[in-house]
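**Student:** Handing you a structure now.
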Amino acid sequence: MKYLELTIGAILVYNFVLARFLGICPFLGVSKRLGTAMGMSGAVVFVMTIASFITSLIYRYLLKFEIDGTPYDLSFLQVLLFILVIAGLVQLIEIMLQKLSPKLYQALGIYLPLITTNCAVLGAATINADSNYTVPEATVFGLCSGIGFALALLLFSSLRERLDLAEVPKPFQGTPIALITAGILAMAFVGFSGLC
């Protein structure tokens, strides 16, 4: 039951982009084309899942531990260590994409290295630590939060592609209609708030 609640909560109820407003930069920047949004979604899901697993281990066994009954708390280092882990994972993805899919690597452009500072990825790691999730729970939370981010990004991207074909009044073209659309999409996700 705990894992079902984590899954539904992370994907729908407490969606990182639409409920917690984390990860807005890539959400707005990469959502112009569905193909690019799919690549970014995959990268964020991968980084968020692996980062949640590794940072949960670091938090549980390196930052808060006991030796001979004496508790040690080094949690003030968590943000620094979490960013280092995330940066390493992003570098790994960059190398893999450069070798396996150069077109996607170029399409993601500046947004791929920005996953390092994507507050959604760092947010997942810190929420895991603050919620005192076990390592498996933290990994499930990271995976589902990434899926929630991907769901929001892909929905928004497909809506933006449809808006390109619509007759939008001149003052609303570009960023204004994108923000209005994001707001309406966020309102749709508020309907899930009673689930968890």
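A Cβ is built for glycine as well, from the same backbone N, Cα and C atoms used for every other residue.
Pasting the feature list from TrEMBL:
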{"type": "TRANSMEM", "residues": "6-30", "note": "transmembrane segment"}
{"type": "TRANSMEM", "residues": "42-62", "note": "transmembrane segment"}
{"type": "TRANSMEM", "residues": "74-93", "note": "transmembrane segment"}
{"type": "TRANSMEM", "residues": "105-127", "note": "transmembrane segment"}
{"type": "TRANSMEM", "residues": "139-156", "note": "transmembrane segment"}
{"type": "TRANSMEM", "residues": "177-195", "note": "transmembrane segment"}
**Student:** Which stretch from 74-93, 105-127, 139-156 shares the most C-beta pairs under 8 Å with the transmembrane segment (6-30)?
**Tutor:** 139-156
**Student:** Counting only CB pairs under 8 A, let me know which of 42-62, 74-93, 139-156, 177-195 has the most with the transmembrane segment (105-127).
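**Tutor:** Checked against 42-62, 74-93, 139-156, 177-195; highest Cβ contact count belongs to 74-93.
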**Student:** Give residue numbers and ranges for long-range contacts of the transmembrane segment (177-195): same chain, 6 or more residues beyond its ends, CB-CB under 8 A.
**Tutor:** 8-9, 12-13, 15, 18-19, 27-28, 31, 152, 155-156, 159-160, 163, 168
